[in-house]
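Engineer: Here it is, the structure in full.
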């Protein structure tokens, strides 16, 4: 038996909008167990609600406990003061012991969700007591309601992700007892294929869960457990059903979601962009882009053609697409900023978001081995009629150079080029057993005036030729050529030595930030690099790096950091070299390493805390190393070290822009700001109290290069500690005196 009850005209502010988003991909329900706040207006008998509250997108269901003694009871929706809520419609089912209400008119909108209060009257003889009021909270069920987050599946290259609203607190609770009762579990798949995993097990399977203040982001890799893969030709679609359960004391949260993703690139021709989706159980409902939501029945009228045989194909007219400049495209690249596809899947609405763009390469590419001549040139011809509209041959340019064609016949619409492989901006690269040379030709269309030269109005043509390794041996006598002198001798090369905050080497310290402050054993990240050169054939090789107590790199004492391109073997904390990745244009132009901050010690005396760093380096020919240091292998033997010694004319020396202030681990400056530390360091005051090798001290080199004992001893430690104690005592006495003086007045 079910009865409906309706009130008068009370309607609180800020109510939930009943028009749920048609692009929902996440369905959630939230079960609160035995932890609902209760307020007994007349008699506080049962402070915790013994039943279950289920929150879903349509409303709230309250399930009361059923027992043989519960025969007569009544429940109603009231406001926080216990008064009946007018205009509230709810369904009370005494047989199933349930109360069902809608969010509209029966709840109060609060931050993050909805609040509802009910009053329960139990008139049974066994459980006779007065009315008890219970207050419930239901979270906002859709991500769109909170912080403007997207509820659709976001397709990436190797995984799909979707956002869930963060509808509870306590994930980071430090209470150990609470943590033992909390935990995640994940159900993957549906039907008989459901697999339940704990969160650590799911992480091992490749899943990941990211949580911030407003949302939870769940990542599902395409090869994870439970992901269904649909394939049709070269098109792929991935689908997964998930149920995430979070259990905490008195509370159970369940998120249910179906996610789909079609990550394949689109195909483009002269007029359309085509998106292909394999056949799967879902049925397309609508397409959304550029703030337009187009129903499937209206696609053709909006420039989109649909093929629904053997999967789904959507043909977008290029008039609907945006354009952007691209290095790989002739003029522009066509794309959509985002495209949302909404499907009806197993009676649920599921959406995915993709970012389609037309893939394009250089439109004209001449690739043939015959273009490369045996004497090291590339020969090719360009005709004006190669394109429509025709090319203006007078505007032809070769790369970024001023090289001109060797022959031009305007009547025939022909120009002929004879380009040296080592000039005119020609580039080369190695692939397997071939060396490939490449250049690019620029030209304007004949219907554009010469003043309109710009990247988006240019025609570009790539010309390539290659030599095989055997061809190089047969046709070119490489051994007879002397190596380029400028690659190892003094020339227009400039080096720079810089320090970085960490091993990401993103942004170096500026000159105005010196002196830098470091504590003992704290790493100092260094980088030596070549500047103002883009020659890919040169390679920077470190010779030596050392530290001094003055800015003069030739001053003594010195301490070695790098010797003959290798870490100093006698160092307690050896230098670590870092590889240079492909994020920079010429990785061979860089050398990166770090060393641990140390105390400067000489003859049992602590030297100045300001330390200056210097490096010497060589520039080598990468293709033909002409110095033993250019191909050094660490560690270096003493015999090889003598053989690899470079002349002073070959080496270049660089220094850091400023010194580094070194402090001991227990220095009283640890809590002081960086600017105060720099001021202290630049004044020459030494605040270290530990200089033994076990805390980061290092021996220095005398003028003959011999090691000097590096133990400061207990006297230096005691002196510094005593001085610090005296200063602290005097400061405390002054403080007491001032305080007493103020109180007397």
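Cβ from N, Cα, C; glycine included.
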Engineer: Among 105, 269, find the residue to which Swiss-Prot assigns the annotation N-linked glycosylation site.
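Structural biologist: The candidate carrying the N-linked glycosylation site note in Swiss-Prot is 105.
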Engineer: Do you know which of 122, 223 is annotated N-linked glycosylation site by Swiss-Prot?
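Structural biologist: With Swiss-Prot as the source, N-linked glycosylation site is noted for 122.
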Engineer: Can you check which of 636-672, 673-709 Swiss-Prot lists as region 'Disordered'?
Structural biologist: 673-709
Engineer: Going by DSSP, give the three-state secondary structure for residue 310 (N-linked glycosylation site).
Structural biologist: coil
Engineer: If we check Cα distances from residue 310 (N-linked glycosylation site), which of the disulfide-bonded residues 372, 403, 465, 566, 634 wins as closest?
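Structural biologist: Nearest by Cα distance to residue 310 (N-linked glycosylation site): 465.
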Engineer: Out of 105, 122, 310, 462, which of the glycosylation sites has the smallest number of neighbouring Cβ atoms within 10 Å?
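Structural biologist: Checked 105, 122, 310, 462; of these glycosylation sites, fewest Cβ neighbours within 10 Å: 310.
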Engineer: Have a look at the disulfide-bonded residues (372, 403) and report the one with the fewest Cβ neighbours inside 10 Å.
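Structural biologist: Result for the disulfide-bonded residues 372, 403: minimum number of other Cβ atoms within 10 Å at 403.
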Engineer: Which of the recorded positions 88, 106, 462 has its Cα nearest to the Cα of residue 615 (disulfide bond)?
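Structural biologist: Closest by Cα distance to residue 615 (disulfide bond) among the recorded positions 88, 106, 462: 462.
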Engineer: Calculate the distance in Å between the alpha carbons (Cα) of residue 88 (disulfide bond) and residue 105 (N-linked glycosylation site), and round it to a whole number.
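Structural biologist: Checking the Cα atoms of residue 88 (disulfide bond) and residue 105 (N-linked glycosylation site) gives a distance of 5 Å.
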Engineer: Fewest other C-beta atoms within 10 angstroms of its own C-beta: which of the disulfide-bonded residues 106, 138, 615, 630, 634 fits that?
Structural biologist: 634
Engineer: Compute the C-alpha separation of residue 122 (N-linked glycosylation site) from residue 138 (disulfide bond), stating it in Å without decimals.
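Structural biologist: Distance (Cα to Cα, whole Å): 25 Å.
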